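Look at TrEMBL and you will find CYS707-CYS717 tagged as disulfide bond. Per TrEMBL, the feature domain 'SRCR' maps to 635-738. Under the heading region 'Disordered', TrEMBL lists 546-633.
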Amino acid sequence: YRLSARLDGPTYAACAGHLQDLLCQECSPYAAHLYDAEDPSTPVRTIPGLCQDYCMQVWQKCRSIFRYLSADQELIALENNMAKFCRYLSLEDADYCFPHLLANQNLNQNLGLVTADTEGCLQLCLVEVANGLRNPVAMVHANDGTHRFFIAEQVGLVWTYLPDRSRLEKPFLNISEAVLTSPWEGDERGFLGIVFHPKFKFNGKVYVYYSVEVRYEERIRISEFRISAADVNALDHGSERIILEIDEPASNHNGGELLFGDDGYLYIFTGDGGMAGDPFGTFGNAQNKSTLLGKVLRIDVNNNDRGPLYQIPPDNPFLDDPKARPEIYAYGVRNMWRCSFDRGEPQTKEGKGRLFCGDVGQNKYEEIDIVEKGKNYGWRAREGFSCYDKKLCTNSSMDDVLPIYAYPHKMGKSVTGGYVYRGCESPNLNGLYIFGDFMSGRLMSLKEDGATGEWQYSEICMGTGQTCMFPGLINNYYQYIISFAEDEAGELYFMSTGIPSATAPHGVVYKVVDTSRRAPPGKCRVEPSPVKVKSKLIRFVPKEKLIVKTPTPRPRLKATAEAPRGGRPGPTTPRTPAVDWVDQAPPPPGNRSRTPTTPAPSGRAHKPRKGGERRGQRRKKKPPSTAPPLRNGAVRLMEQQGRGRSWGRVEVYIDGEWGTVCDDGWSSLAAAVVCRQLGFPYVVRASKKAEFGEGTSLRILLDDVQCFGQEKTLLECTHADVGTHNCSHEEDAGVVCSREEVADW
């Protein structure tokens, strides 16, 4: 309306519709293409890309409106030349020009689907939310309008985070002295779960699940805490009331999930007691309804300030069975690790209240279950769809419920249950159950077929190419997927680490993002309620980075020794094969391994500059004593077996010592500097992740190296202070050089 007010009557009648159409393209699902914003190397457009016929039509009658839409002086200068004007507003990719893209079937037929690669792997991106955590086992919100989130570490600390991702220096809860755990990698004991009461805003109650040792006996404990009267961002540590304790016969299979259902009751998920094969009693703990192990429990902790600490819901399924514990809601569980209630489809609420769980398998299969009241989920008779205890499995009285999905151990060996996405920001993910595997690092999804009720599996990959090339997005994560989470708005997160030890501060929290279709601007905006902060704030500093595959350069080669520069790959660019976790055994515990999502860059190097011959061609011999001393910035290539020739780990000489270079920011432009120093006119590729061995005997001297390709040494490139880094030798950088032009490596 503001712009339309500037138009006279005839112009308004002829052009107001065009004006509105052009303005509305900022909210188009294809806005990134229309404004050429998916390529960060192109200038920012102020007018969407227009199809030639449409542009000429608008130019003839309404070209005066563009001066109100854009302050681009170059565009305004072309206003009286239709050909140049419309060429300026055209797009290189004509499929995306407005308005023809609205009728382009190739673009619109899959508008409601997540982008997938040719193998059907859904390509998603991530946002780093928190880092430096010691095995982050849970992330929850208070559902009080503040949009704070609380992250629990296995050692027994819970931290408060504000919506801007800053962390409070004072922990929300610290019971690390009481929690039973150890630094052993894979120790399943510790602080395992936390949940806020649905009426936390009014009663200030929080419930936690953790391992303890009482008189040399290991137990799991469910306790209640209240918020501190002096600080809304801290629990009153003296308010703990033990709601329930259960003896654990072994150190593994401790369960750990706590949830409140829509019915207001507290759901507790216990393991079968540990060891292997549930060897306790005749049929195992999971099938024995007289024990609380291997179960889903449901209790009522409402109105418990006086009288018993919990009561039994009147509709619990085994109240009338004298041999069964009344707390039991479902049984036949091995070790359900991470469960969630479906919020339901945002408009229709279809699916609301379904309880999804990932149940960790024994020798062969991992499974996803939908838990219902009174049902038997089969363990130890069955593992996934397969019989484990054949005698029990053939017992017709079992009447066990099969999982909705099970996968073999060649795909992963420890399922981590997730959530059905019901958030706002990534509408194509709606209804997708997203989960993972702790051991393999695989991210997976299930989608229900509304007609058949069957669940369709799709793998999740990190976006390649330009999929995640937006500010703040990354496309890699650490392998050991510990847990999933929802924030107060329903957006999806997961937590993983590179070292699965309760004391290793390598845990990171990631937010899941689908760039194939984003919600309209402003639709998902939240207004957090103010919260009074008394503790010092620690601002969030992201550490993870986007891994970019260097595009294959265009066939036309310049005479230069530079590594290939950016540019959109042509249609003949070979697709990089996705990493197949099935064929890769997980690394040994303790390796700080990040899940590979984008292979190392590859690409042809450009020809050398004319007159840029290699030095060192002179035949005149000099005695060894006359060899010049090493200068700062000298480089050499090393392999595991010794000195490399045209490829190897990059080692740099600075102030009298050799050291390695971290691969953060390492690119073919930096590799070009190294290759040229060593007399090689061509770069085949830059290498990452210690491909040519780790230089553990040396210090890491350079990190965050960013080069333009013309520098004489790496020291002339921008880099962190010498000796300052945030990486390990597992990220040592390398190069592959050549004396001849070669095809893609």
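The backbone N, Cα and C atoms fix where each Cβ goes, glycine too.
What TrEMBL says about a protein is an automatic prediction, not a curated fact.
Neighbour density at the Cβ, taken as the number of other Cβ atoms within 10 Å, is lowest among the disulfide-bonded residues CYS707, CYS717 for CYS717. Helix, strand and coil counts under DSSP for the domain 'SRCR' (635-738) come to 16 helix, 39 strand, 49 coil. The domain 'SRCR' (635-738) scores a mean pLDDT of 88 in the predicted structure.
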